[in-house]
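Listed in TrEMBL:
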- 12-30: transmembrane segment (TRANSMEM)
- 35-56: region 'Disordered' (REGION)
- 68-86: transmembrane segment (TRANSMEM)
- 93-111: transmembrane segment (TRANSMEM)
- 148-169: transmembrane segment (TRANSMEM)
- 199-218: transmembrane segment (TRANSMEM)
- 248-269: transmembrane segment (TRANSMEM)
- 289-311: transmembrane segment (TRANSMEM)
- 347-393: region 'Disordered' (REGION)
- 353-373: compositional bias 'Basic and acidic residues' (COMPBIAS)
- 381-393: compositional bias 'Basic and acidic residues' (COMPBIAS)
Amino acid sequence: MSQVAATTEGLVAAYIGLLSLATFSIYTGSWSSLAKPPKVHGQKPNVDDDEDDQDNDEFDDRLSAADAYIFPIIGSVVLLGFYFLIKYFGTEIINYILGLYFTVAGIGSVWKSSLTILRYCMGTRWKAFSRYSFVLMKDSKNLSKVSFRIPSIVLFPVSAVPSAMYFWSTEAKKPALLTDILAMSFAHNALSLLRLDGFWTGCILLSGLFIYDIWWVFGTEVMVKVAVGLDAPMKILWPKSPYLSSDAGFAMLGLGDIVIPGTFVALALRYDLSRSGHRDYRRPFSKPYFTVAVVAYVVGLSTTMGVMHFFKAAQPALLPACIFSFIVTASIRGELKQAFEWTDSSSSLTITKSDEADSKDHEQPRSEGHADGVVKATAVESDKDSSVSRKEK
């Protein structure tokens, strides 16, 4: 079937669709980059603590300035590698290998991002579900422990469906909906794990990748060749039609245009949380830097799309918009020096007893009759029984 020409209305619809998906990914990914509030100093662990919510706590490393300097170099090597693979081996075998890889990785990615969004939407009602733990022990020593709640089990097979359908699709091009589901989950998880250690590092990273974009997009055919040739969930797609028809083809936005500026937006949210004086993100707090960063991303991406539409030429306005918005906001607030000196680290996430008490005021009472379970090998115990047995020991 021949492809029809896209109308202006169709292109505008595609731009709005891509902008919405990208902004949603950055917004949810930014919130997931906030670590769970740490334990209060001097307080014993509570058996009701959400251990299954500690997804991010084990990833304490941050991207430093030294990492940011070499990031564009690594990106260039990877990009050139894909370019030569496509040039000399074609796209069929490369797309098959990538499809297999992203199928396996996509199961865990969709599952984790779905759980994160579900927990965020349910709030404290999440604790109404029973929690179970599998503990691997050697003698009396705990070697490993995995905790989960009932929705985690239910969502796992559901999360495998997009990956399975993506891999077994026989269409010449993978379905756009499946590509978008996998790509957005990868973006969400990347933002929750790829954390900058400060604004200075963020400015170095975005500036370096700004030069990277100028060279590879405008100076060579490499970026376009790779983006068009690879049929993998490393981009989000939207049909060029107000009726979501695929007859006119799809508009495309690479994950790099989501994840890279998204790391800066997520950093702004963590800075707002740090500025608030409270380390519990469940409490309401002022978010001036995060709000401005999100608006700057929307404006920057809209400007890029507008220039491409009217002048048929790409221009990298996205990354400078993020940096400029931060500098202007910090300067107006008289906090530029303070913001650049601030360092994001897990050690700064220390809350006081007053913070803990305030956060509990915002929690809903826990429903009676939902006992949590702890599974040790084949034995099943309630949390209450477990705490009693520990006291006896």
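Yeah, the Cβs are placed from backbone N, Cα and C, and that goes for glycine too.
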*Residue list, the transmembrane segment (12-30) vs rest of chain: Cβ under 8 Å, 6 or more residues beyond ends.*
6, 113, 116-117, 120, 180, 184, 187-192, 236, 238-242, 250-253, 257-258, 261-262, 265-266, 268-269, 290, 294, 297-298, 301-302, 305, 309
*Can you say which of 93-111, 148-169, 199-218, 289-311 has the most Cβ pairs under 8 Å with the transmembrane segment (68-86)?*
199-218
_Candidate ranges 93-111, 148-169, 199-218, 289-311 - greatest C-beta contact count to the transmembrane segment (248-269) (under 8 angstroms)_ = 289-311
*In the same chain, who gets a Cβ under 8 Å from the transmembrane segment (289-311) while lying at least 6 residues past its ends?*
11, 15, 18-19, 22-23, 26-27, 30, 257, 261-262, 264-265, 268-269, 271-272, 317-322, 324-326, 328-330, 339
_Intrachain neighbours beyond the transmembrane segment (148-169), with Cβ under 8 angstroms and 6 or more residues off its ends_ = 52, 99-100, 102-104, 106-108, 110-111, 114-115, 118, 126, 129-133, 175, 178-179, 181-182, 233
